[in-house]
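Taken from Swiss-Prot as is:
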BINDING   16-23, 63-67, 122-125  GTP binding site
LIPID     C202  S-farnesyl cysteine
MOD_RES   C202  cysteine methyl ester
MOTIF     38-46  motif 'Effector region'
Amino acid sequence: MSKASFLREYKIVIVGGGGVGKSALTIQFIQSHFVDEYDPTIEDSYRKQCVIDDETALLDVLDTAGQEEYSAMREQYMRNGEGFVLVYSITSRLSFEEVNTFYQQIRRVKDRDSFPMVLVGNKCDLEGDRQVSSQEGRDLAKSFGCPFSETSAKQRIRVDDTFYEVVREIRRMNKEQEGRSKGGQREAFEMSDTRNDGCCGCILM
């Protein structure tokens, strides 16, 4: 039976502070349109079927609340999630500083140091308002041991690639757990996107 005959479901959780564009990224990926207004999310779930590296996948994407008062609810979603998109806004130093808190929360809930995750600096179309450099994002991702990219939900820059990369991370870690073989160093590569618009397209491994 071919790979395409199997429909594997991937549970992906979007995490980050309020107003960083988590919902905008998710809706751009699922529905291909940009939501401009900010309406704080409590919890929204979306599903999308797509082919990633010649293998059909069903993505179950959970968009979570960034506000502190929903921390307990967020932990429940983290417990059930397989992979995580950890989002900050390049226009907000505070949202970047909050990222480590969310990362530590996932570590505590999952009770392990390593889990499938991608670090995302969103709103890279707002270069003039940048408060967090691309290098800072790369360095933080390196300390987490995860891929990194900068995205724009508004201009649909590297949105699909980000979600695909989380699925690849889940697959990679599953294979490592199954085989416990080499687990060698993955090499850095760049997400290709013709519309750079000053955004960092690096994916650090």
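Here the Cβ of each residue, glycine as well, is placed from N, Cα and C on the backbone.
For the motif 'Effector region' (38-46), the model's pLDDT averages out at 68.
Using a 10 Å radius centred on the Cβ of C124 (GTP binding site) and all shown protein chains, the other Cβ atoms total 28. Taking the binding-site residues G16, G19 in turn and counting surrounding C-beta atoms within 10 angstroms, the largest count is reached at G16.
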